[in-house]
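Have a look at the structure below before the remarks.
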Amino acid sequence: MSRPLYRIFARYLMALGLTCSLVAPDLGLAISGAQAAETGKPAKQIFGAAKLPAVLPSRAIGFYSKGCLAGGIAIPTDGETWQAMRLSRNRRWGHPDLIALVERLSREAAAQDGWPGLLVGDISQPRGGPMLSGHASHQMGLDADIWLTPMPERRFSPQEREDVSATSMLKQNTLYVDPDRWTPAHARLLMRAASYPEVERIFVHPGIKKKLCDSWQGDRAAMGKVRPYYGHHYHFHIRIKCPPGATGCKSQTPPPAGSGCGAPLAWWFSDEPWAPAKPKKDTKPKPKKREIRLADLPAACAVVASAPAPASEAEVTLGADPIGRIAASAVEMAPAASAFATLPKVVPLPVWRPRD
């Protein structure tokens, strides 16, 4: 095969999800992700710059706080029972399983729980990965933020979706839910989300967890999935498990058995979780923390970073033919490209606080 034809063949295989280094190692061809890794470009800049997903088979790769997303799809900006917010962030993307779950939750909560519709916050970037701002997690398309503000009857304008603020569920300057804002429909929405078998955790403010523990009269089997955590009084955070049979995707350790309404919850209402960190005696300036590079992520993320994009967002939005149909005819990532190195047990919780 001539050298020009070899290059064309290599590029064709790249479009199918293979790296050039695997098919033509002697040509010196390099994917853009590998080049970025060599130059030390932070991974958040690579993934934050992607406007559209990777045309690859749908895969959640890595861990919630150290990974990426292949073959992501977008939730539409509007549905009968949802509206997407903060559109300028371009974080409406997720694994097809998560997008389907959010759509299902919006529909069932509207039909059965008295919740008029979801205001959908951040899900993930088009190719997942570290973000330029905000979240440590949301990296592999299995996390979604849902506002605790019910959807209004009218449609927000694009500008309103940037400017309108979510509503805190707490009494001002307390850890407790404001009864003038909290409704039984809030509880039904949260417990419905927790009841789905795909859901691994629902993160809420400790005050919201306490309210559920004290007042929920329905089935409490899923109560243990509702986990107290800092913030999360303007929105709740859905985290689903790795899809069945997924390779290279690491789920979080399951929550402890039980409802989580006892001593672990009481800890959040002590002084310890909110005490300021004690100043250290060592006054030497700490070295600047090194930013995550592409090489720090699972190897398959280099393929995701450099893979071709679809022709338009419409092709990869819920309701259109999902990106899986594009990738179904493509060759799967070569084993060397999709190899998943064992990750450290990175959980986006402070190590000196409960890790559940």
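Backbone N, Cα and C atoms are what each Cβ position is placed from, and that goes for glycine too.
TrEMBL labels come from automatic prediction, so no person has curated them.
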According to TrEMBL, the disulfide-paired cysteine of Cys261 among Cys20, Cys68, Cys213: Cys213
Candidate cysteine (Cys249, Cys301) that TrEMBL pairs with Cys242 in a disulfide: Cys249
Cβ neighbour count within 10 Å of Cys242 (disulfide bond): 23
Whole-number Å value for how far Cys249 (disulfide bond) lies from Cys213 (disulfide bond) (Cα to Cα): 32
Cα-to-Cα gap, Cys261 (disulfide bond) vs Cys242 (disulfide bond), nearest whole Å: 26
Cβ neighbour count within 10 Å of Cys261 (disulfide bond): 18
Under 8 Å by Cβ from Cys249 (disulfide bond), same chain, sequence gap 6 or more: Arg59, Ala60, Ile61, Gly62, Gly67, Met140, Cys242, Pro243
Cys213 (disulfide bond), number of other Cβ atoms within 10 Å: 17
